Amino acid sequence: MADTILSAAAKHPKPEDKSFKYGTAGFRMKANLLDSVVFRVGLVAALRSRKLSGQTIGVMITASHNPPEDNGVKLVDPMGDMLEASWEGYTTILANAPDAEVEGVYHKLETELNINPESPARVIYARDTRPSGPTLVTALVDGLKAARAEYTDYKLLTTPQLHYLTRCINTEGTPQSYGVVSEKGYYEKLGAAFARAIKGKKISGPVIVDCANGVGGPKLTELLKYLPKALEGGIDIKVVNNDVLRPESLNHECGADFVKTKQRAPPSSKAGPNDRCCSLDGDADRLIYYFTDPEHGFRLLDGDRIATLAASFIGDLSREAGLADELKIGVVQTAYANGASTKYIVNGLGLPVVCTPTGVKHLHHAAKNFDVGVYFEANGHGTVVFSPQALKAFNTKSPESPAQAGALETLRALTDLINQTVGDALSDMLLVETILAHKSWTPREWDLTYTDLPNRLVRVEVTDRYMYKTTDAERKLVEPAGLQEQIDGLVKKFKDGRSFARASGTEDALRVYAEAATRAEADDLASKVAALCKQY
Ligand code: NG1
Ligand code: ZN
């Protein structure tokens, strides 16, 4: 006989005096504080599935690029999207209920949301390689059992793999079927699409992939078995930072977040000049490329670069396929996108740019307003989404020339290669490799498309981050009153200056971003704005 919610909740007591909030990355903090939260997320997953008549909900236990002692948990909606916003609130309410009230709050939500307790509840879950993962899985399973949900444990997966599986399960046997419901199905889909996308093209030299000593390492190693090999006209991938046996090495001086924030290669890197390198983060949903130029030193090719590369390639293919007038292509960025990239997209590529608040759910949503919506955060999290009209056009247009036929076939291959559910570092890497091969570009040529404005991101400790309120996709502060005017006054003094401040959604701090014509000016502007914010 399963525990009741009340007795199960007592086994996963909430730390007193601790309040939790479902933010842009779900719940994320020191792993030892998460037991009660993960248990209650199990309850929410069951409720959400029942609300959606038994469609399967995903639960991912990961803290992405955070240090090894952290962990986190987030929910995945049936189509592989992030959890719907209103449910973030319900999840927060349940996470904060006192232990003795969890059962009552659960049934209250059931009643208020008109959920039939007899509907089936189905949940799948997975975790990254953190040592705290298995214990948190136990808490999750206790929640799922107490809520009488059916569940499947997919063990270790990258975050995007779990999103893929969630969508596959919910579309199985329908015309929208997204793929075979298994980890192998994911590799087979990517492998086959990549082979089609690079057909007749040559990938030059190896790519060195830093896996952040996280779950991306073993998963990439597995994916390699499904990719065409270098000797057969395929790809030569060198996997580095693939140590998942020493937990303390996870994200330590390596990985996408390290490379992007420190603006340098991992110290362990043995890459030579001009070697093509990239880094994943701890759950393989972010990707950053880079190389060392013998003349100019370290060169970063971040999420903005991947977005511009993808948008320019897909824009060209659509024109070659004779679909340019039919399809609306656009790019979605956040305020953290380098100003030079935005200018390049609008003026160089002639494509519209939309700016949304931080957090991929906002970007994903905005990207869906285009037929081809390219979205990336500067930190390397992003993907491309295709509308049903775009998919239809790629599949039904009859080519008028061999060139058109080739462009259409590449576009179709891309729709299978690119993970439509969420940013996926493994899929994005194969996309970048495909595009560089088609363009016969080295990373240096990619880097030359535009010149990034020097920029600086600083983390500012403040007494209360919630007093900083923003508008205009987080680019302007409305509170505290008067602060924005003072920031504007400072910005005006710098050539090509731009700066904004916003409260982090994932840690207790304010973030200040600044860019300007020179490195010294960007640093100066960032520290002046940070000092100003601290005074309030
Ligand atoms: P916050 O802490 O809200 O700035 C960070 C990243 C986001 C996003 C989330 C979720 C920056 C400046 N911010 O958010 O882009 O990735 O974490 O992981 O990189
Ligand atoms: Zn991540």
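Any Cβ shown, glycine's included, is placed from N, Cα and C.
Listed by TrEMBL as binding Mg(2+) are D281, D283, D285; the candidate from S64, S86, S499 that the record includes in that site is S64.
A separation of roughly 15 Å, to the nearest angstrom, links the Cα atoms of E377 (substrate binding site) and S64 (active site, phosphoserine intermediate).
Outside the domain 'Alpha-D-phosphohexomutase alpha/beta/alpha' (56-84) by six or more residues, the chain places 22, 25-31, 34, 37-38, 41-42, 44-45, 48-49, 91, 122-128, 130-133, 136-137, 140, 157, 159, 162-167, 169-171, 178, 212, 215, 247-252, 255-258, 281-283, 285-286, 360-361, 364, 420-422 with a CB less than 8 A from a CB of the stretch. There are 20 other CB atoms within 10 A of the CB of A503 (substrate binding site), with all protein chains counted.
Ranked by CA distance from G505 (substrate binding site), the recorded positions S64, D281, D283, D285 have S64 at the top as the closest. Confidence annotation: the domain 'Phosphoacetylglucosamine mutase AMG1' (182-287) carries a mean pLDDT of 96 in the model.
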